[in-house]
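Data first, discussion second: the structure below is written as structure tokens.
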Amino acid sequence: MSRQVSCQECNKSFPSKQRLTQHRRCHKKSHACQEPVCQRKDPPVCFGTKRDLLRHQQMHTRSMGKQQCPYCQAELAWRPDNFKRHVDSNHDGGITGAASRGDEETVREYLSNYPDAVDAKEGGDKTPLSLAVAAGHLNVARLLLNNKADIESTTGTGLTPLWAAITNQQTAMVDILLDWGADIEPGSPSNWIWVIKHRFHVEPLVKALVERSTDIHATVLRACGLAMKAGPKVGRDYVEMLFRMPAVTGEVASRVSTRLLADFCQDYRPFSSIWAGILVRHGADVNHQTDGKTNMMLAAELGRLEVVRSLMYHGADVNAKGKHGWTALHAAAYCSYLWHDPLPLVKRLVRQGADCRAVTDTGETPIDIALGVIEKNRTDRGFKHYAFNEIVRYMKAVAGSNPS
């Protein structure tokens, strides 16, 4: 049975010193309330944790400033929940409540009597436009937009009315917001691409967004990339749908496919040969070079045998040279990562015709590269010396030399 330890300040008992140490932090009370009424007390009001301080501050009403209700001019202690409670109970939810219900006449009345309420959040984090858009009330949304509602207003999490329309699959509402100039560019607060994570069956919405985009290449690239992260089972039909759109020309599809294939070759994400087939079918260049490295080199230097196999199947050149005259076999021979065995990759490349005698701009063969790696890591106990010695022996045998 473990020995109990006690706190000297409050005499509480704990089963371990670790629990006691955690408890003692509560006695330090380093989080002070900054409200004047609490600062005047002796001692000042302090708490041991931020959570306790936040709970205390939420109950602060006495010393807070007053907020005037725009509808009845009542003075309220300014707290979002106080204000919302007052509006809900005395004004039937105000303009936000009317907008969420789709009550066009009430919204019109509020706008005529209180024009500044068009973007009022009334204690919440959503404007009347966001609420009307999410519920699909077209007439209310048009009324608010005609009264200069902020089309890029954001919620507490930074989401705009356009994003609300997309997540709620309000196709007609998306068209209205786009006609009014809603921002759909990648990186904006209304970045519609996030919706792809959750909804893969909204073709009319995505079609409208792609066709309205000023940079179709960037839009399709990000959309396809995000869909591919979800895996072929979920994202395959979505990627095919994007490439079928009239706005996505053959040149755009080829650029996007080539870029995505290169990204997969230099990434550790799970790879499926299904993606390679789709991308090649839409114009991906299997011999594309990124910063002087071919796709085969990018995959080989990370030891990604499954990617190399797929590239070979689709006609990649195993002897294509990149920067400084390196080939995929040079990259595989240089690869010294500890979490995989490079020998199967080297064998696969050689069987497909990789030249063991190919030289770089500095006159080095893949065998020379492997020997250099062995020499560099001679004192490293974690290095797989046996694997690289096997690589050297195998390539020397293929090249016609006597194995060492």
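Placement of Cβ uses the backbone N, Cα and C atoms for every residue, glycine included.
Remark: secondary structure over the domain 'C2H2-type' (5-36) totals 13 helix, 6 strand, 13 coil, with classes taken from DSSP. The annotation domain 'C2H2-type' is assigned in TrEMBL to 5-36.
For the repeat 'ANK' (124-156), the model's pLDDT averages out at 88. Residues or ranges marked as repeat 'ANK' by TrEMBL: 124-156 (among others).
The repeat 'ANK' feature in TrEMBL is assigned to 157-189 (among others).
TrEMBL lists 291-323 (among others) with the feature repeat 'ANK'. Within the chain carrying the repeat 'ANK' (291-323), a Cβ under 8 angstroms from the stretch's Cβ atoms is held by residues 261-262, 264-266, 268, 271, 273, 276-277, 280, 329-332, 334-335, 337, 339-340, 342, 344-345, 348-349, 352-355, 358, all 6 or more beyond its ends.
Annotated repeat 'ANK' per TrEMBL: 324-361 (among others), in sequence order. For the repeat 'ANK' (324-361), the residues of the chain that approach it from at least six positions outside its boundaries are 292-294, 296-303, 305, 308-309, 312, 318, 367, 369-370, 373, 376-377, 382-384, 387-388, 390-391, 394-396, 398-399, judged by C-beta separation under 8 angstroms.
With helix defined as DSSP H, G or I and strand as E or B, the repeat 'ANK' (124-156) counts 17 helix, 0 strand, 16 coil. Residue counts for the repeat 'ANK' (324-361) under DSSP, split into helix (H, G, I), strand (E, B) and coil, are 18 helix, 0 strand, 20 coil.
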